[in-house]
Each structure stands twice: as C-alpha cells, then as structure tokens.
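What TrEMBL records for this protein:
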- 1-394: domain 'Major facilitator superfamily (MFS) profile' (DOMAIN)
- 23-43: transmembrane segment (TRANSMEM)
- 55-74: transmembrane segment (TRANSMEM)
- 80-100: transmembrane segment (TRANSMEM)
- 112-136: transmembrane segment (TRANSMEM)
- 142-164: transmembrane segment (TRANSMEM)
- 197-217: transmembrane segment (TRANSMEM)
- 263-280: transmembrane segment (TRANSMEM)
- 287-304: transmembrane segment (TRANSMEM)
- 324-344: transmembrane segment (TRANSMEM)
- 372-392: transmembrane segment (TRANSMEM)
C-alpha cells in the first residue's frame, strides 16, 4: 500500500492529520506487513493442529477485505491504524502464512523454483495494483478506491483459500495428530544454542527492515526529489514489482543449480550495492536504473528463505524455525519504514503540475532522502554479513564445506 502512503501524506489527503507525516503514515503499512509475517508465531501452531486449514485462509480473506473497506470511511490517522494496519494485517497473516508455510512441503528437488513462481504472484500483483490504484485514485478518490480493492481482494482470495491443505506426513506432522504437531511447532532448544539460528534471525530482521524502505519511499522520492507526477511514481513502483516478479522465478531456478544459500547471499549483497550505487543522490536516469536493479536483486530473499530452512535445520524443524523467522521478519518490517520516515521528517511535496523532470538539486529534501538511503544500505549490508556468516557456520556445524549449498 505504498501509493496510498504518498496520497495520505500529500496536501490532497482526506486524512488531515496525516499530511506530511511520513513516519506516522509509513507505520500503517509497516504494521500491516509486520502482522502478516509476525502473525506466524500464532498461525504456525494453529494450522499444524487443524485438519481444515481452508477455514483459516477463508477467514483471513474476509478480514483483509473488511479492513480495506472500513479504511475507506477513515477521517483520522488512528482510524487507519485500526483498519488498514491492524485488521488488514491480521487477515493477511491468516491468509498468507498458511500458503507460504505449506507450499514448500510439496516440493523437494525444485523447491527454489517452485517458491519463486509462487512468490512471483505478489510481484505481478504489485505490477498491476500500482497502476490500477493510481487510476482509481485519479478517477474515483481514495474512499471508492479502497472499497473497490476490498471487493477485488475478496473475489481473488476466496477461491485460493479454498484449495489450501496439508501435505500428510511432512514436517508439520499429520493433520489432526496434536501430539506430533506440538513437537514440530515448538522450537528445538538445542537450536537456540547454535550461532546459526541467531545470526539467521538477525539477518532476517535486518533484511526485512531494509527491504521495505525502497518500497515505501520510491513513489515519494519521485514526487519530492525528481519533481515528477504521482502517475509516474506509480509507474516506477509498477516496474519494480514486475521486475521483482520475474526475478523471484529466476532466483529460484538459479538457486536450484548453484545452491540456495549461495543465491540468497548474492542477492542480499547486490541489493545493498544497488541502494548505495544507484539510489544515493540519484537523478532521474540513475533512479530508473535503481528501480530496475533493486527489483532484480531484492526478489530472491523472500522466495529462498523458506527453502534454506530444511537444508540448515532439517525437515523435522522446518515448521518451528519457519514460524519464528517470519515473526522476526515481521518485527523488522515494522522497524524499517517508520525509522526511515523519522529520518526524512515532515515535508511538503513538490508540485506535480510542474512535471518538468528537473530535480530539486542538493537541497534539504534531497539530503534527507540521501540519509534514508544510507540507513537502508547499511541495513541490507549488515543483513548480507549475517547470511554469509550463517553459510559458514552451517558448513562448520556439518563438518564439511560444499560449494553448492
């Protein structure tokens, strides 16, 4: 929901106490995304004990749509916290986590490619939704845009929710067998003593925090620094999502051939490099390069993280580790964008009507965005160090180094 953020913080916003408040408004989407992942700590044991996982995903689809619809009636920023953040985030966790938790259990040899294809769907959604949402905002206003999205979400999510089910006798335990499921959803205490788990947790937090910053501020950078229109900002978001979608498939295929951990490390390092090299003090041409290249490099982590869990910790620990790491990633996503918003501070947008494509120069706004870029790049660079160290620790624990891992 990055485009509503740009709208909510603009002078045209219907939420008057949100205008110019990047940190407060980014917290709305951050809470929603954070709950999507952090809800795993509750969803993981729940879906392991239920035969009918469809009930969870079906209710999640309903709650997501309700959150969007109720947000259309908001007049104050705290209304958005209750609806577009908390309600939508809760429903999204109930819908999203069962899909991401159960899908890898159906694949083995080509697990990386399979997860890449599945998660490419969110990139395709971003590609379409960025343009659709801007069109709805321009022609129907924010209230009807949210209502239409709520209906759309319901129409798409309900059919998907009705086909989700367990794969028997895999990792999570047989559905309905509470004793076996409880063992699989409680983290092995031995793992807590391993540096592998802790560094992977740090890496998951840092990568999630850094990953969301460009997604939330790409559109506002286009308007505030490059002096382009919101429509052009939505186009950049759409391009990034489309490239990201293709990248997830490519990264998954690459991972199956050169190693999932290797691909994860390379993608995280190159994400940090693209932020420093292409976003910092970027004029229009270099910013477009950043939009594309960040979409390429950032696409791998979400797709590959679940696939590395069974390799590092074993099938028997998949459910418990997956739930904890998604919970930690949720905390990271709540942290990243609001802190970036605090660094950015309150400011007014450039007039889109000028639409000259001429940047504002090295003024106060550009300097603040450069500070955000440094913050984001350091998060991603630290995450790369963590995932690289996990690779080494895993080889040490297993007593052998494999180039393909």
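Using the three backbone atoms N, Cα and C, a Cβ is placed for every residue, glycine included.
For the transmembrane segment (287-304), the list of distant contacts is 112, 115-116, 118-120, 123, 207, 211, 214, 218, 221-222, 226, 236, 239-248, 250-252, 255, 260, 263-264, 266-268, 270-271, 273-275, 278-279: same-chain residues at least six beyond its ends, Cβ to Cβ under 8 Å. When Cβ-Cβ distances below 8 Å are used as the criterion, the transmembrane segment (142-164) is approached by residues 4, 7, 13-14, 53-54, 57-58, 60-62, 64-69, 71-73, 84, 95, 98-99, 102, 129, 133, 136 of the same chain, each at least six residues removed from its ends. Count of Cβ pairs under 8 Å against the transmembrane segment (197-217): among 80-100, 263-280, 324-344, the largest is for 324-344.
For the transmembrane segment (80-100), same-chain residues at least 6 beyond its ends with a Cβ under 8 Å from one of its own Cβ atoms are 1, 4, 8, 15, 18, 27-29, 31-40, 42-44, 47, 53, 56-57, 59-68, 70-71, 74, 118-119, 146, 157, 160-161, 164, 306, 326.
Only sequence-distant pairs (6 or more apart) were considered; of these, at least three Cβ pairs between the transmembrane segment (23-43) and the transmembrane segment (324-344) are under 8 A, so the stretches are in contact. Counting only same-chain residues 6+ beyond the ends of the transmembrane segment (263-280), those with a CB under 8 A from a CB of the stretch are 112, 203, 207, 210-211, 214, 251, 254-255, 286-287, 289-290, 293-294, 296-301, 304-305, 308, 370, 373-374, 376-377, 380-381, 383-384, 387-388, 391. Listed as Cβ neighbours of the transmembrane segment (324-344) (distance under 8 Å, sequence separation of 6 or more from its ends, same chain) are residues 21-27, 29-31, 33-41, 97, 100, 187, 200-201, 204-213, 216-217, 305, 309, 368-369, 371-372, 375-376, 379.
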